[in-house]
Structures are given as structure tokens and as C-alpha cells.
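Trainee: Feature list, courtesy of Swiss-Prot:
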- 116-290: domain 'Guanylate kinase-like' (DOMAIN)
- 193-204: compositional bias 'Pro residues' (COMPBIAS)
- 238-247: compositional bias 'Acidic residues' (COMPBIAS)
- 257-267: compositional bias 'Basic and acidic residues' (COMPBIAS)
- 295-328: domain 'WW 1' (DOMAIN)
- 412-494: domain 'PDZ 2' (DOMAIN)
- 581-657: domain 'PDZ 3' (DOMAIN)
- 728-810: domain 'PDZ 4' (DOMAIN)
- 946-956: compositional bias 'Polar residues' (COMPBIAS)
- 965-974: compositional bias 'Polar residues' (COMPBIAS)
Amino acid sequence: MSKTLRKKRHWLSKVQECVVSWGGPAGPDPELLHGGAERGEFPYLAGRLPTGAEGAPGPALLSGKAPAPGDVLLEVNGTPVSGLTHRDTLAVIRHFREPVRLKTVRPGKVINKDLRHYLSLQFQKGSIDHKLQQVIRDNLYLRTIPCTTRAPRDGEVPGVDYNFIPVEQFKALEESGALLESGTYDGNFYGTPKPPAEPSPFQPDPVDQVLFDNDFDTESQRKRTTSVSKMQRMDSSLPEDEEEEEKEAVNGSGGIENKEKHSDSSDWMKPVPSYNQTSSSMDFRNYMSRDETLEPLPKNWEMAYTDTGMIYFIDHNTKTTTWLDPRLCKKAKAPEDCEDGELPYGWEKIEDPQYGTYYVDHINQKTQFENPVLEAKRKKQLGQTDGGPSKSVPEKSLFTRDPSQLIGALIRTSLKKSTMGFGFTIIGGDRPDEFLQVKNVLKDGPAAQDGRIAPGDVIVDINGNCVLGHTHADVVQMFQLVPVNQYVNMTLCRGYPLPDDNEDPVVDIVTATPIINGPPVTKGDICLTSQELIAGTVVLDQNGKTGPMLVNGRLNGPSMDTNEQRISVASSGGSQPELVTIPLVKGPKGFGFAIADSPTGQKVKMILDSQWCQGLQKGDVIKEICHQNVQSLTHLQVVEVLKQFPIGAEVPLLILRGGPPSPTKTGKMKDKQESSGSLEALSDAIPQPMPFPPTAVRSGSPKLDPSEVYLKSKTMYEDKPPNTRDLDVFLRKQESGFGFRVLGGDGADQPIYIGAIIPLGAAEKDGRLRAADELMCIDGVPVKGKSHKQVLDLMTSAARNGQVLLTVRRKIFFGGEKQAEEDESQAVVTQNSSPRLNRAEFATQQSPEVYDVCLQRKENEGFGFVILTSKNKPPPGVIPHKIGRVIDGSPADQCGKLKVGDRISAVNGQSIVELSHDSIVQLIKDAGHVVTLTVVAEEEHRGPPSGTNSAKQSPAPQHRPLGPAQSSASSTDRGATEGEAGKEVSNSYRLSWPEHKHLAQPDAGSASGVGSRHSQAQNSGCFPVELERGPRGFGFSLRGGKEYNMGLFILRLAEDGPAVKDGRVHVGDQIVEINGEPTQGITHTRAIELIQAGGNKVLLLLRPGTGLIPDHSLAPSSLCPYVKPEQH
């Protein structure tokens, strides 16, 4: 799936290089180059270079793309010239023999001619822009001296280190524009004056310093610029994103361009070289110059840049990203072999003002205070090399994706898949730099009979496809897709030991065949640390709770022999599971049923037309289709299998029926990935959460693109908003279509809504679809973030099939007790072979009074009502728009249905709950002379229910207005009048987030671990906090993350930091969301990235704690020093 979007990229992607000859020893004409630091500008080209041959009179372009007039000159033969005067820039150019290599960039929002603008921008420390700012200052200080209003310190020489001037003189320089940058640090003013156009006779020639001073980048050289670098600038601002032309997005992420476009220019992504970074703490993400000693990146790897210019690497084989250069992995040394000042591969040194100096192991995701090199050498001297924190580094260096670099003997074999599989288990592949190895060879299996495969063999090649670096799930799926009685050709390498037993992450049996009260079912079963799980087999314990069934028949029992293959399922409740073969005939509109993802496989979600699927029941799990095993296939792959059969074909289905029902709807699991057996497959499916902990089982489906998973999880697979319910609506197409219109999708963040319901159309006859419902899925394809045209294309595709399955989200405005949302308990009525919800489904609740009001006005009058809009974003479920005034004698007054205080949820069938006030006013104006308002009566509209009828008895948040909602003519808050000549503006009411905090403790008694509570209770008692970055960050540090098997908690609060000043953040509070992304299951590093990605603001959703921080077993990380206060 691809879509067109406007990309924003770093200016490095616009850098151009060319080779120029000036046509004589005098060098370039001074008029060809303008700008210079004395004018407060970068050097830039004033004219276009003519193309010509070398040796011809005048300047000539010999190779590369000619820079355009106005392009900024960054480098000459690899030497940065930014910050030099015009005279010194020409001197550097003339110093080199012809031809010379120029590096230029087209001016943009971040880097342009204005040197003062670039120096005023804030960049992340360590980024290429931050580095370039330091280079500019170093070049400036060759000709100028920074000034300050503080007194000289011991050892400082006036006129050498700083010019020490009074405050009045400093402000005079600032007002005259003589300072390139200015600001305050530690209560004193600092500034960098413009250098003079002509140097004094006592100043040395800067060319030698710029070109050959190896100590130019040392700490001693920069000591005097520390205050200037860290000062609070007067005109500081964040950089704007550079906009690029429209490009095709890949997998919806828009992140990667087609490399074929750059086949002639392999260096197109390389940054400007020689902004030298010394052998300091940032070795693991060094800015790479044209280092010819480095070989090309491995196959399907790509080097890319963050928005701030940081280099990272994309592995398209595993669809993962890393800071670590894969080419340096082969050159990695053991820690004890590293020299002083050198760090092992994958390590980073952090100098933190609060925690001091510590070291981060990015490979093993650990932190420690001791230098890993000194630690390894110390332990080597003491003879205690075991257990060192970098023990895995030598092992990592053995990994390679190049088969020619493998150590050991290559073994080639061909195995025939039996009903028992291939007869061996595999281990590894949990990380991109980990081999997949044979764990066990099962007795009497094809591998044992072949005799050539042994434990420890590394899987190199499967049917001609190199799998070095592939994930565990990818390789398992490749084996599972081989039909029974077919051969697979394999290449293995013998010579690598198996990892220790305590490091075995996951073992997959590609072969074992469980017996479930019937014939064998071939499936790649999954086990964790020698405990095998039959995917989807769920039993009940004595308390009636669900849990995974181990192959030895015990729940969560001790480990078992991995060679165990045959089991029988013992159930303490529910019907006995059975395998049933059902013959089906494909009708003109498909097989007549819809399927959905479930923990046990693809299950029958809905019977649409029983005449074509007689014998099939809702809840049946599909195991085989026409004798083809489909247990390991994704949702869309099963749909494709069903689609390939022609109309009238007889297709036998092997299904699993009975046994204890697995949870079908929980707080964390929604069967949204639905599709009819004959629907069009349009996007990738997302695996649904399992009813037992996700760490206990690995998915057999290939790993999805992280950006795709993230985008989709932000649409409908995250916790759905409270006070909403999701509905599945199946419609059959009539001659006039499906009978409804679609609104929205005008922008990337604009939701899609159901518009008008066409009278006598399919939607109205069905009765379940309503105007203003938010459209979530079309035939299982999420539509959030899609454009209006893309949604129409999906509907057109559905129309060709004659039917559509819609998933819509509807807001609920409570008037009493909460309505039960379990879809499975709702009655289903079938009319004309179409499922239909019972119209009495709301009979048990006090429904709020929601009605439509149609107003008609004359040419010379308005509608006669005033809409007030909440100034602050209210809590979910609260409509922010209400009637503030009804004008006497107006159409609104004459209709008698509008009252002051009534909430307006839709205009002309379009939901306005999420719209701004100005958008609503414009919507009413565009309606012309007739407008239809969807009204929620004032006395019926209440906040979210508390669970009881008394707010005082409930610990749930209560929303109460903090200020009056009366009108005020003097206010400039949002509000408008419709139907009057003048514009009357009113104070909009405000709703507060609850002041008191309620801690919702997780239910530890449920074996499933997921879905034991209703989705609305997940964030119960949580409160949002928005913090603005201060001079040293957001003022808090974190503890926890997935790698520590714990959630994320507030560890410390910095004194006088933004978090302390806010007053709501306390030590021990749990972080539930960061900038809208749930923190469940994310790593410590990912949490830091989310905080940094927010720029100058961060939005946290916190759950109040007890003041105590949960401990974990990793002592070196107990202080979580990786989280730097200055960064968040």
C-alpha cells in the first residue's frame, strides 16, 4: 500500500557536490562569491558556473551538478568554510591546487544565507547541526573574540579569552546588530561579535589553522565557547522542517525512497564530511565522511538521517533500525583489547550533569558507571572474565550475513516434509545479529532419517534464499509454507556452538504434530524455555480462569522434554474440542461467512448466507482449507486462499470446534481484522493480542514494518477512547449503492465520518448505521489517516463484491447506567440473509434524548442561535459545543426545540465534536438557508458515568466546570453568533481534569493477563500532564521498561525543573502514555525517543503512585542514568 505524502527531510539530503576549475592561478573572481561572517552571512555563490573543459579560460564546471546562484558554500575540498570572512574564504579556495571540490546546499528554512538565524536555532547535542554550529564558532573565533559582561576569572586574559565589557556597551552592540548571537548564561550576558572584514596585522593567517590544526576540535580549544554554546539565547527558536516534493510512501510510512533513482549517485545520502568528531563518546554513531576503508553496507541495508541529522541504519531484511553501523561489527574488538579512550562496538559514553559519567551498552541495553574497557582489563587480570557485561561482544562479532565469511563446514541437504514436519527444532533469530540454529533433531523424523543435520548447525539458506539475519518468525513461516510431501533444500554451517541454556529465548518446533482428539494437524508449535505451547489451546483452571495449555497437560507446570510430540487436551470445563470436516460450495457472492483474527487462528466471525456454508458455526476455527494447512497464515493470506476458488467449487474445511471459549472481547483485544471469505484483500493484517502473556508465545507471521505497526496502532488497535463503542455493520449493495455518504478525510489527521443516510437505501433498511459515526474499517482495512479518495476507492472495491463489512465507532452520551458493550451477548437477527442487531439492544439503559432539528431561514435573516465552544479540550465523551443563546423571534426560537445549554454533536450529519469553533461556523454558513442540527438535550447530557448514581460514592473522575458559562461582550474567547448582523462573542466554559487521583490496581488474579478488565478501566484514575522543556530539560528521570520486565515510573524530579513547578508529577507515578503512545511493552530506550521526538513539549498520561518506585533485578541500571534530565 502506498500513498502520496509531503515528506520533510533534513537539509543534508539537498547537499550537492561539484568539481570546478577556476581557469588560472588567481583563483575565483571575488565577485563570484558573496557573503561572509563580517556581513553575518554564510559564503554563497553569486553567479552560475559555466560548463567547459579543463584548461579553458575562465571558471569551468568539470563534474557534478552546477550550483545555482544563492546556494550556500559549505566546504572546499572537505574544509568547512562556514563562519569565515569573505577574504578568508577566498584564501582557503586559493590555497588548493585546481580543480577543487565544492560542496553546496540550496537555501531552506534551516540553513540559508543568514548566519545569525542558524546560530539562534536549538539543536540536539551531538546532531550534525549542533556540530556545524560549533565549527562556525571555531571559525569565527579566528577573527573575533566573544564578549561578556561578567568579571574575568583566574587565568583569563582580556582580549584573548573574552572581551569583558559593561552591560551598557553590550546592549549597545546588540541594538546596533553587531552581534551574531547573544544571550545569558549564569546571570551574565554573552555575545559573539561580527569579525572585521580585514584582519589586523597582528593576527595570523587562519588558513593553516583551518586546514591543518589537529587540535582544532579539542576541549581546550572550545573551553571559552562553552558559555556561548549553553547560553539562553535572546532569539532562540526551534528549527522548522524542510519540505520536500511529494514522493511515494512505502508501506504507508513515507520513509524510504526508491534507491533506483540514486543508482548513479551512491553518495547521495552521505553528510557533509569533516565536521570532525574526535574519538570521544559518540563513536557508535560517528558522522561518517568519505571513508574509503569502509566497505559498502550489507545487502538491503540503508543509511538514513533523523530530523536533527543523526545517522542511523535501516535493515530492510528485518525491518528494524539501529544506531550501530553494521560494517563496524566485523571490526569489533573485545573490551580487553581496546585501547585507552576507546570503547567497544555498541557502547556509548554519557556525561550527565546529574548522574556523572556512565556507559550505555546499546547491544544488550544495559547501563553501568564503570568503563567497560577498564572493567574487562581488571577482570582479566583477576582471572574473572566470566560474567562481564560485555561477554556477548566477542560472540556478536562472529555473526555475519555473508555466507562466505562463515566459520566451519557447509552442509547441504534436502528434506521431505512429512505429516510430522521436518523433524527438528530451531533456536535464535530474536535479534537481527543472531544466527538461527538447530536445537534438537527429533527421533524418527525426516531430519533424523537424513542423518546430515546436527544440533548447533546454523541455517544459512532455504530454497536458495539466504536467511542469515532473518527473524525467528520469518524462518518458521518459510518452513510452514512448504506443503506436505514436498522437498526443501537447505544449506547449513557446522562450527558454531549453541548458546547456553539460560540464554535460550525461544525454540520453535517446525515439526511436532499435536493430536487433539482426532487426526493430526501439522503446525509449527511454539515453546518458551523448553515449555511448549499449543497455539490457541486454552483450558480452564479450578477457578475458571483461562491459561495456556502445556504439552505435558499441566498449567504453568515444570518444563518438559522438547521431544514430546503427542498430547491430549484435558479440559475441566466446557465442551470437548473436536476436529470437523465441513464441505462448502462457493456461491456467486462468496462462501457466505466472515472471518476474523483470534488467538487460536482464523475463526468464523459471522454467518452471512447460511445456504452456502451449511454446518459452519460462529466461533469455528479454520485449520485446513481444501487439505491445505492455514494455521500459520495471516488473515489476508487466508482470504486470498478462499478467493482463488471459482464459483461453484466444492471446498472442504477442517475446523476446530468446541472446548472452553477463549475471550472474544476484552479490554485489550478487539476482533477488528474481519473480512468476508470473498472480500478484496487490501492491506496487511495486524496480529491480535493473545489471552495469555505475549512473551509466552511467538507469532508465526512475519515481522511487520515498525512504522506500519505504529501508524495502525495509533488508529484503532490502541485503547479505544472511553464513552465509545465499536459496531460491525454488514451491508449488501443495492442498485443505488450502500445507501450512505462519507465525510472527512481532508487531511492526514481528519477522521472519516458517516454522512447522510440515503432514504430507502441499504444502510437505512439495515438500521444500524447512523450519521456522525466514525468509520474505522472497511472490510478489515483501517481507514484512519487515509484520504477521502482512498476511502472511496475502498468502497468502490467493496461495491464490486456486492457487500461490505464496516467497523464504526460511536460516541455514547450517558444518561444513566452504563450500557454493556459485549458484542457477543447482543442478539442477532437475520433479515434477507443480512445480520441485524436487535433493535431492543438499548432498552435496558436510560437513553439520552438525541434528536435532529431542521432550521430554515430567509434571505435577510440568520438562524438565530449562538454556539459556545469550550476553550480547553474537555475530557473524552463531553461534547464541547453548546447553545449559548437563542434569539427571540428567530427560526431557532420559532421551532421550539432548541434550548440554551443544549449540546450540538453534528451539523448536517457531520460530526462536529472534534471540529474547531471556526470550522463549525463556516460549516453553518456553507449550509445556505437550511441547516440540520443533531441536538443532545441539556438535561440529558452528563459526563461519563461513575458506576453508581452517586458521584460521591464513586472514585472515578468527575468533570465539573470551573467557571461560569455566562456571556460577556468584552471577551475574545471562541464563540460566535449565527443569524445576527453583528458578531456576539461569549466566554466559553471550561472543564477541568479531575483534581483527585484514583489508583487503578491491575488484577493480578487473572491468568490471562490481558483483557481482564473493561477497556474503560485501563486508564482509570490517570491524568494528563503537559510539560515545556526548560534550560536543562523537562526535569524528571525514568526507571523501567520492557527490558527490565516492568512499567515506566518517575524516578527523580530535578529541583526547580518544569516537572516540579507543574506540581502534579510525583516520584513513583507510573507513565501510561508518552505523547499519545501507550507505554505498555515499550523499552526504556523507546521511551526516551518518544520524549525527545516531542521537541520542546511532552504530554504524559500518569497514573498516581504511592511514592515508592518498584525495584528490579538489574543493579547496574537501578538509577536509570540513561535518561538524561537535560533531554527530558
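Even glycines carry a Cβ here, placed using N, Cα and C.
Buried or exposed, and what's around them? Tell me for each listed feature.
Mentor: Across all of the domain 'Guanylate kinase-like' (116-290), the predicted model scores a mean pLDDT of 65.
Residue counts for the domain 'PDZ 3' (581-657) by DSSP state, with H, G and I taken as helix and E and B as strand, are 12 helix, 35 strand, 30 coil.
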Trainee: Summarise the domain 'PDZ 2' (412-494) as counts of helix, strand and coil residues per DSSP.
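Mentor: Across the domain 'PDZ 2' (412-494), DSSP assigns the residues as follows: 14 helix, 33 strand, 36 coil.
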Trainee: Going by DSSP assignments with H, G and I as helix and E and B as strand, what are the residue counts for the domain 'PDZ 4' (728-810)?
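Mentor: Helix/strand/coil tally for the domain 'PDZ 4' (728-810): 19 helix, 33 strand, 31 coil.
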